[in-house]
Amino acid sequence: MAPAVIEEGIIQQLIRNDKVRWWNKPNLRSLYLLLVPFCLFIESTSGFDSSMMNGMQALEYWKDYFNHPKGGQLGLLVACYNLGALTSIPFVSIVSDHVGRRWSIIFGSVIMIIGSIMQGLSQNLAMFIFSRIFLGHGIVYAIIAGAALLGELGHPKERAFLGSMFNAFYGVGAVLGAGIVVRTINIQNDWSWRLPSMMQAIPSLLQIGFAFTVPESPRWLVSKDRSEEALQILIKYHAEGDASDELPHIELAEIRKALEIENDSRKRGWVELFQTPGMRRRSLVSGALGLFVQFSGNSLISQYLVPILEMIGINDRQQQVRYNVGKEAWGLIVGIVLASITPRYPRRRMYLLCASCLLLCYTGWTVAQARNRITGSVESGYAVLVFIFLYSPAYCLGYNALTYVYMVEIFPYYVRTKGLSWFQFWSRAAVMFSSFVNPIGLNDIGWKYLLVYVCWLCFEVVFIYFFFPETFGKTLEELTFLFDDETANKEALAASAQKVLQDPNITEIHESAEKKA
């Protein structure tokens, strides 16, 4: 069950009194605008991949080139992207924690660019599969470092908003991928699928181009004994250059104290995820959330819309790819709208609402699909489309808008990239499994396969109710000590922040000569 509510921290009190919007703060505004191409577009690569592979199933030249893949072979072609993502899990935290968040994003982006080019130049099925595995290997480096950087660099007031927008930009790539296939379907040769494959590198090119316009994570800098650099970043962006502002100094004090406490008690390696009751709870929740975000029926819609449309009698190729574009455009709109609204509410409550709405959508879809297959009525086919489109706002309520916000919140700094890697492992395993099994299930048992997701969504509602902790309204440092067995450390953190407020000299030592004069 959810833990008891924690009292409001000092930083929360300070930012509650800050009435200036981020777009009226020049330094913070420029930072957020630069984070759009560098961090937010990372998830666009995954969105591009899903919608592109969805659309390719309607391309005659792609099907002819790979001998009309169906069932398990089609599942392998789609799933190998996530197989590549799984191969990177053991190395992501090593790269991100040692070279920093920015270089980890650059490293992943370079791999994805190479993979996209190889995919577009594939000469046979084996090369296409290998290039997709290679492409998938790079995405996790960028996703984990990007999610961590957004949470660690953003102002406490907008941190949740930035994290929710991270997943919302999946829709940007999905619309681009689907839209490009709509145009290339008219190319009467193999470039109808080769061109979209190569264009999957566009988000990665943007990340490399904007890499050094964004500062490094202050928490990473403090962990490397570069506290002065971290403080200057916090002063510039969280206090608009005013070194006498209390906020950046309290943030730095909390970061240093949290890292000190974590470092004193932590064990090296992956065992950190299971060393205390609190960490075991975090690992259980993050692993479950990894399964939930990818095994709630979303991969069936995002990767196999064409077979679903064929089941309800929509066989025209042009119409299929247009439905794909419409679905992705609708998903982008509701994703961005809900990403700006959902973080304002308690996390556990929104996850419960999300899973419950998904259960209702899938139940309605299953009934409509069954009626369509049994009676062949056109009306039931349209009802299937309605439930598919209703799925997007239901999913975006929690699993899209809050996932990376919640993951960054529940894991302390030193284990954050390992925690995100643990989440990614279960997420990628779930989507790889569902990508492989979905076409087999649809082909063999038709609409009855949807009942698998109905039963699973019932389990999700129960699990969230009993196990998900509430993290709403706390700083990352306060959330380091979220559970009951971490109360003593939480009090030590609060004391370190209070010490800054009580020392009138601490906010003066970093002031510029002009300000002192």
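These residue numbers are counts, starting from 1, taken along the chain as shown.
Backbone N, Cα and C atoms are what each Cβ position is placed from, and that goes for glycine too.
Some features that TrEMBL has for this protein:
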DOMAIN    35-472  domain 'Major facilitator superfamily (MFS) profile'
TRANSMEM  31-53  transmembrane segment
TRANSMEM  73-96  transmembrane segment
TRANSMEM  127-150  transmembrane segment
TRANSMEM  162-185  transmembrane segment
TRANSMEM  350-370  transmembrane segment
TRANSMEM  382-407  transmembrane segment
TRANSMEM  419-437  transmembrane segment
TRANSMEM  449-468  transmembrane segment
Among 31-53, 127-150, 162-185, 350-370, 449-468, which stretch has the highest count of C-beta pairs below 8 Å with the transmembrane segment (419-437)? 127-150
Contact call for the transmembrane segment (382-407) and the transmembrane segment (162-185): at least 3 Cβ pairs under 8 Å, seq gap 6+: yes
Averaged over the domain 'Major facilitator superfamily (MFS) profile' (35-472), what pLDDT does the prediction give? 90
